[in-house]
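Visitor: The structure that follows is given in the form of structure tokens.
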Amino acid sequence: MGKYELIQGDDGGATDPGKDLYVLEEGYASKDPKSTGGCAAPDTQTTIRDGGFSPAAAARAPRLASLDVFRGITVALMILVDDAGGFCSAINHSPWNGITVADFVMPFFLFIVGVSLGLTYKRVPNRISATRKAVLRALKLFITGLLLQGGYFHGIHNLTFGVDLLHIRLMGVLQRIAIAYLLTALCEIWNTSNVLVDSGYSLMKKYRMQLIVGSLLTATYMFLLYGLFVPDWDYQIPLQDGMSNFYSVKCGVRGDTSPACNAVGMIDRRILGIDHLYKRPVYGRTKQCSINYPYNGPLPSDAPSWCEAPFDPEGLLSTIMAIVTSLIGLQFGHVLLHFKHHRDRIFQWMIPTFWLLALAFSLDFCGMRMNKALYTVSYTCITAGVSGLLLAGIYLLGDERPVSRKPRCFVFFLFLQREVDSFFLDGAKRRSVGERDELAGRWWRMEVEGDRSGVTPPRGHPVSRRNERGVRCWCRAGRAAAAGVTPGGRNARRNAST
């Protein structure tokens, strides 16, 4: 196995980085390389084989709070898009070219999958067993997505196991995540490089096979998207009286990225079948297909024939670039493993982040538009770059200074939760703007200035007493850290680890 390091950050509780750095080789371990003249000698107490860590060392590893917050923000954004996207085009999916807030949700999940896999498989005692578990987990996720998004129930005289097998949707969100998870996990499990990581170049050299896989996937996608010839095709829309309307779409082009004649849709129609694709395509909200653009609406009088054609936004060809997004997230997870100082981690994250953002805008300027439905290369770069930028920002707030920064971060998300609950749940009975501002000001004064007067939420406020106690605990810890006092005792340690 290659060299693995159990790294703790500046605030992770390590008193001597030289003693807390575990250098593990296959069959050898040494806690202090200086004691053996810089060479790893056989450990007489604990011999860790196949690159694994002892359970005690794994139990002491701190949890990455920034990744949990990133995951929570993504889930909250997904709920917001589902609830409010129908009446606000700025947070709804883009009809075709371009990018909106909603278009970041899926890449955020895929990026988080990659980062998590980098932390999960930092030790692989048994590659065969790890591969088996990854395949089973991906299979469960794929089947779950198939059941949730694929089928629907019929009448008692037309049952096919509760699902219409002739029209079931085969691809979907969970199916795409399952495929990306499986390929990314296999790349990480079977990485056998022995390169010592001490810089960004050595990090790329150690995981060069994963970078090669990502490059090959990107090249394959671009070759198929711009190289395949898309012929004319037709489809039919069934009516309620048992009849069907037949439509013919004229293409006969190569390298086109329009809704009608792109290679992504052609591959899905040929392999999956047009009856197994998504029946409500996103391009139904374009100007050509909706008089209520950018919202759904009736067809214009001069609407093209492809407006009602099925199209799967989670198709086969576009899933290739979804795998690349997870591989990019995997490299961000490797930075956490091999760089122990917060400044080094942020620096190693910012370099690929800005390169991805610059490449995304350059490709979009040159004509390779950002397109979520096709999952173009420019779309992959912009979403991966924003994901890395967001992860670095949350890491600065939540992990670099976990004691002094978390109280304000906690109160901020408490404000956000209260505002969302007040907007969506209270309805017409929600408080006025002045009352909400006054209440928020009282809570903020309690956290920043230590003013304990009038901090109890009024009756009916969504903040529970448990949250109130938590805020007060974090405020005490924040004031103690600002004064240079380290609180002691069991309660302080418990609050700091919450």
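Any Cβ shown, glycine's included, is placed from N, Cα and C.
TrEMBL lists these features:
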- 63-205: domain 'Heparan-alpha-glucosaminide N-acetyltransferase catalytic' (DOMAIN)
- 104-122: transmembrane segment (TRANSMEM)
- 134-153: transmembrane segment (TRANSMEM)
- 173-190: transmembrane segment (TRANSMEM)
- 211-229: transmembrane segment (TRANSMEM)
- 316-337: transmembrane segment (TRANSMEM)
- 349-370: transmembrane segment (TRANSMEM)
- 376-398: transmembrane segment (TRANSMEM)
Visitor: Who are the long-range neighbours of the transmembrane segment (104-122) in its own chain, taking Cβ under 8 Å and residues 6 or more past its ends?
Guide: 4, 64, 67, 70-71, 73-74, 77-78, 81, 130, 173, 176-177, 180-181, 184-185, 188-189, 322, 325-334, 336-337, 372, 380, 383-384, 386-388, 390-391
Visitor: Taking the transmembrane segment (316-337) as the first stretch and the transmembrane segment (173-190) as the second, find out whether 3 or more Cβ pairs fall under 8 Å, excluding pairs closer than 6 in sequence.
Guide: yes
Visitor: Same-chain Cβ contacts of the transmembrane segment (376-398) under 8 Å, 6 or more residues past its ends?
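Guide: Tertiary neighbours of the transmembrane segment (376-398) are 65-67, 69-70, 73, 99, 103-104, 107-108, 111, 115, 218, 221-222, 225, 257, 321, 324-325, 328-329, 332, 342, 345-346, 349-350, 352-357, 359-361, 363-364, 368-370, 405-406, 409.
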Visitor: So what's the average pLDDT for the domain 'Heparan-alpha-glucosaminide N-acetyltransferase catalytic' (63-205)?
Guide: 85
Visitor: Within the same chain, where does the transmembrane segment (349-370) have neighbours whose Cβ lies under 8 angstroms from its own Cβ atoms, ignoring anything closer than 6 residues to its ends? I mean 6 or more beyond.
Guide: 97-99, 200, 257, 328, 331-332, 335, 376-379, 381-382, 384-386, 388-389, 391-392, 395
Visitor: Reported in the order helix, strand, coil, what are the DSSP residue counts of the domain 'Heparan-alpha-glucosaminide N-acetyltransferase catalytic' (63-205)?
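Guide: Output for the domain 'Heparan-alpha-glucosaminide N-acetyltransferase catalytic' (63-205) reads 89 helix, 2 strand, 52 coil.
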